[in-house]
Structure formats: structure tokens, C-alpha cells
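One structure is given here, and the rest of the page talks about it.
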Amino acid sequence: MYDCKGTTFNCVNLRKPVKSIPVGEGWWGAGEKPQSEDESIRPFTVETSDKEIEDLHGRIDGSRYTDPLEGSAFQYGFNSTYLKKVVSYWKNEFDWKKQVAVLNKYPHYKTKIEGLDVHFIHVRPTSRPNQRVLPIMLVHGWPGSFYEFYKILPILTENQGGLVFEVICPSIPGYGFSEAPHKQGFNSLAAARIFHTLMERLGFSQYYLQGGDWGALITTNMAQMKPQNVKGLHVNMIITNRNFKTLLTIILGPYLPSLVGLTQEDVRRLFPFFEKNVWEMLRESGYMHIQATKPDTAGCGLNDSPVGLAAYILEKFSTWTHTKYKDLDDGGLERKYTLDDLLTNVMIYWTTRSIVPSMRFYKENLKGDFDKRVDASVAVLVPSGLAAFPEELIHCPKAWAVTKYHNIYSYTSMPRGGHFAAFEEPQLLADDIFQFVRKVEKC
């Protein structure tokens, strides 16, 4: 039986009516929508079996490799010499049963929303006197999972000067243990609506949100969709629209940065603009074009080959952590992560066969003109905290962010870290979340 005693707020912020995006409705289950839906919340346990592990090892044994070009490191993608080392560790030392126990150290649940079994973990802090408990939802991206947050969870759920969080981490439908949509059209707006429903079902009327990658877009959409329910939004990937002010910044920024609102860090990250923002993105976005057009085709091989899947996913944990890691023979993977952590994330995709539906999320979100989406013209008016990590794929100066996020409480230029902030720098991210929430709560 699920105890649904979510934290509620004694005082509700009364905000003026603001423009929001339509909530809408959807049905993503197989077949026709039934008259009613089971809204119960069911405990869930991650499981494995000897058969599952034997199948994995058999497929690993049958893998074929292509020798890398001499001195190429990770410039051509995942270096197969290092890949053999990873695969050897995977088969001979990695203990999936042990990692399943690690996954199960936090309570897992599932509940049916819009025809889909939505998976989430729900972590409550230890009850102590004189502490304020605030609910927060953390949303992952691709090619990550809810497991990205396992290092930040103990920090957020530990009393920090009288403030502590009750944390909900869902899996985006189509990722990990959440059921994949059976119908076309499931995008970030649909995910935002489903996650609002999840929070309401848990008994929360107001809550904080945090996300990176797709999680940043989903939580931003949640703030646009139901601002009255969102106490504050914190993101570590800043998404904004380009406009004339952006163009002016690009033209004048290298010469008169202060005139257009740029800091020295902005100048370092942005210029030369075409080299750092156009050519670099072209070099790193090939995967996106595939996933935004024909995800099922590429997915066939990835869903069938564990080694191919590992190479495809882990290459992103190299170059998206630091772009210069592609010059290293091992891709710098073990500089910030352990192989156990990296392979646990891969195993979540492998055992749930979720790589294809996770890739489809790109097509559903990018099939039209992104700037013409309903959310593109709606500002974020809830209190917002923005964390700009220095090795993030795209840098967004505060001067650009204010065109989208109209109520910025904090914009932090982080001292280190890349795309997978919670996985790579959990303490830094947690500290920034705490300082942002304290500003909102005025405590």
C-alpha cells in the first residue's frame, strides 16, 4: 500500500493570472481509451535473472570490432580498443545483481497515467524537528535515466540548515521502467502534463522542479503549463529562443561585451561564435539528426547489440562531459565516472529495451519548426534558477536567458562540470539548488 502523505504548503502563493500553454489531454496506451483508468500507485521492484545475464554475456561474446585508426582517440567516435576494455569489465567484473540492489535502495513505484505505466522513485527525508520539507521533482534526459540522480539524492534529502527536500524522480515515458507510448506525438508537452498529474496524484499542490537536457525542456513546459503549481524552476541546461537581441549580442559581443550584457565568461564560452557554436554543434549533433528523422532504423542495431548500445550511449558521456575528452584514448570516461555507474545506466536501457522509444522522443519534439511550437512564445514567469556549467554543450548567457525566463532569482556560472551535472558534480548542483530555493522561500 502506497502512503500518499505528500508535503503540502501552509501558504499558497497567489500570483496574478499569466499566459500559460494549454494543458491539453492525451491517451498513449495501446488500443482505444477505456472509460476509466486505474489511478492506484503500486510499489515496484527492479529485478533481474540468470537468464537475462546469460543472454547479455552470450551477445557480448558474439560481438565484432573494427580496429580504430591510429592515433584517433575518440575523434571518430568510441575507440574500439578502449571499448574492448569496457566490455571485458562488463562481462567479467560488473555485477548486475549487485547494481540492481543499489537501484532498489530507494522506493520505486508505478502508476497509470494517460494509458502508460509511469515509473518513479519517491524519497522522503528523515523526519526531524525544526526542518522545512519541500517537494521537488528531478527530471533526467537522454541518454541518461533516473539513476543519474542517485548521488544527489542523499544530499537533497539531508537537512541543510533547516531545509530539506522530498524528492520525486520519474522516468520519462519510453525511458527505463516507464512504459513507452504506443501512439505518435508524445513530446515534452505530453510529458509535462503527465508529470503534473503524477505530482497531483501524490498529493502535492505546489512543488519545485529541476532538470537538464530533455528534463530542462519538460520542467520548463511544466512551469509554462501550470505556473500556479510550480514554486520554482531550476535547470542546468538553459533553453531560450534566438531573436534580434541575440544577433546583436553575437555581432558586438567580442568587442563590446558589457554593452550587450555579456560577462568575460560569456565571451570565453561564445567566441569565436561559429567555431564554438556552429561548427562544434555540427560535429556533435549527428546523432540528433538520425533520432529526429529515422530513430527506429538506427535503433534496430542498438536494441540487438549490447556492445553497440554501450558504445553509442557512453560516447556521449565522454564528449558531453568535456569536449576535449575526444582527444583521449579512453575518452576520459573514468575521470568523472566509474564503469559501474556508466554500465548501470546502459543496463537500464538494455534490460528495458528502451533505446528505440527514447530516441523517438527526438522525432516527436523536432518534427516541426521548434520556434513555432505553442511553448516557444510563452515566457517562464515562475521563480527560476539557472546553473550554467562551463562544459555544457550550448552556452546561454543571462542576457539571452532573460528573454525566456522573466523571473530569474539566480544565474550561476558554475566552476566546473558538463552536461550530466547531477551525475558528474552532485554536490555543486545540490548547493545551487539549495541557494536558489532559499532565495525563493526567503529563508
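Glycine residues also receive a Cβ, built from the backbone N, Cα and C atoms like all the rest.
Please treat TrEMBL annotations as automatic predictions, because they have not gone through curation.
Under the heading active site, nucleophile, TrEMBL lists Asp213. With a 10 A radius on its CB, Asp213 (active site, nucleophile) counts 24 other CB atoms from all the protein chains.
For Tyr362 (active site, proton donor), the number of other Cβ atoms no farther than 10 Å from its own Cβ, over all displayed protein chains, is 20. What TrEMBL records for Tyr362 is active site, proton donor.
Sequence annotations record features per position, and here TrEMBL assigns active site, proton acceptor to His419. His419 (active site, proton acceptor): 23 other CB atoms within 10 A of its CB, across all protein chains.
Among the features that TrEMBL reports, domain 'Epoxide hydrolase N-terminal' is placed at 41-149. Over the domain 'Epoxide hydrolase N-terminal' (41-149) the predicted model carries a mean pLDDT of 98.
Taking only the Cα positions, the spacing between His419 (active site, proton acceptor) and Tyr362 (active site, proton donor) is 17 angstrom. Under the DSSP three-state reduction, His419 (active site, proton acceptor) is assigned to coil, being neither helix nor strand.
Cα to Cα, Tyr362 (active site, proton donor) and Asp213 (active site, nucleophile) are separated by 12 Å.
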